[in-house]
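Remarks on the structure that follows.
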Amino acid sequence: LMALLPIFFGALRSVSCAKSKNSSEMPETITSRDAARFPIVASCTLLGLYLFFKIFSQEYINLLLSMYFFVLGILALSHTISPMMNRFFPANFPNKQYQLLFTQGSGESKEEIVNYEFDTKDLVCLALSSVVGVWYLLRKHWIANNLFGLAFSLNGVELLHLNNVSTGCILLGGLFIYDVFWVFGTNVMVTVAKSFEAPIKLVFPQDLLEKGLDADNFAMLGLGDIVIPGIFIALLLRFDISLKKNTHTYFYTSFVAYIFGLGLTIFIMHIFKHAQPALLYLVPACIGFPLLVALAKGEVTEMFSYESSAEILPHTPRLTHFPTVSGSPASLADSMQQKLSCPRRRRQQSPSAM
């Protein structure tokens, strides 16, 4: 249930994020090249962490990681609760604007390193998030861990965008192999997950009824099992909106597919009494269900030709191919003038296209 919240609300917020003109809220677009390299980078990182835990003291590594995720968690949680907290502020709340600017160099060579704009409401959200951060840092309580984990997941689904369905299939397929290999082929994934004391997973106490909030026997779900399918589900929501049919068929189909895949993971885990790679069940479900719907509706071509990145910055020209440059400057100028005038003539000849 906790895994469903960041996917659902993160997908909804990803739509408004794609339409935002605010540069600080612009999403990061994952291309097919990024998707192909992602499993390799993730494998190197996972193996590196495993070797670190084997060579160095686990206590000092977790202390360093705790401080790192303490700062990131506060910022992520503040960004998550900010839209909700705005409803509780009175209309006459003295809201002042601030800007944190850090530059390098001087004159024409001055370069912005940090340019962060915020207001008094953001400071209040930051203060509340800091309370949770201190609680996590001192107690490592599972509730504080989950609050940070949910914030990371929601921000990931909101701010990481796939540019098309093909890229999503490459990313999910690559991580499908990655997850299966590191869980079934070795003990690396399980060892790192149990040793890593950072909010990179959601945990739920299996002995909650016996020990209450002091429970210490946890089931866990990695944030990657939430964010990776989540950004694919968010892509399908934006595809639904692009069809302009006032239906969210593909979004709800993929969301139900995620529930089915996660439920199947839990069922298999309890049957075989062994940790399961969740993406083994989530990837076929999240790709297969929407694809079957597209086949039934005859919209497979539209699905795979949809480009999400084209809607993020519609006012920015995008270079899709490199033109061949040859000839004298005068002939090039004449050629460009003809290309600029052609679209106007076509619009005048076909006024019905308006």
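Every residue, even glycine, has its Cβ placed from backbone N, Cα and C.
What TrEMBL lists as signal peptide is 1-17. Within its own chain, the signal peptide (1-17) is flanked in space by residues 25-27, 83, 146, 150, 153-159, 161, 202, 204, 221, 225-227, 229-231, 233-234, 237-238, 241, 251, 255, 258-259, 262, which lie at least six positions past its ends and keep a Cβ under 8 Å from the stretch.
Residues or ranges marked as transmembrane segment by TrEMBL: 36-53 (among others).
According to TrEMBL, the transmembrane segment annotation covers 60-81 (among others).
For the transmembrane segment (159-184), same-chain residues at least 6 beyond its ends with a Cβ under 8 Å from one of its own Cβ atoms are 14, 17-18, 25, 27-32, 34-36, 38-39, 42-43, 46, 190, 224, 227-229, 231-232, 234-236, 239, 275-280, 283, 286-287, 303-309, 312. The transmembrane segment annotation in TrEMBL covers 159-184 (among others).
Within its own chain, the transmembrane segment (218-237) has Cβ neighbours under 8 Å at 3, 6-7, 10-12, 14-15, 30, 42, 142, 149, 152-153, 156-158, 160-162, 164-165, 168, 171-172, 175, 193, 200-206, 248, 250-251, 253-255, 258, 261-262, 278-279, 282-283, 286-287, 290, 308, counting only residues six or more beyond its boundaries. What TrEMBL records for 218-237 (among others) is transmembrane segment.
The transmembrane segment annotation in TrEMBL covers 249-272 (among others).
For the transmembrane segment (278-296), the list of distant contacts is 168-169, 172-173, 175-176, 178-180, 221-222, 224-225, 228-229, 232-233, 236, 249-250, 253-254, 256-258, 260-262, 264-265, 268, 302-303: same-chain residues at least six beyond its ends, Cβ to Cβ under 8 Å. Here TrEMBL flags 278-296 (among others) as transmembrane segment.
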Same-chain residues near the transmembrane segment (249-272), Cβ under 8 Å, at least 6 residues beyond its ends: 3-4, 7-8, 11, 225, 229, 232-233, 236-237, 239-240, 278, 280-286, 288-290, 293-294, 297, 303
Tertiary contacts of the transmembrane segment (36-53) (same chain, 6+ residues out, Cβ under 8 Å): 30, 61, 170-171, 174-175, 177-178, 182, 188-189, 191-192, 195-196, 224
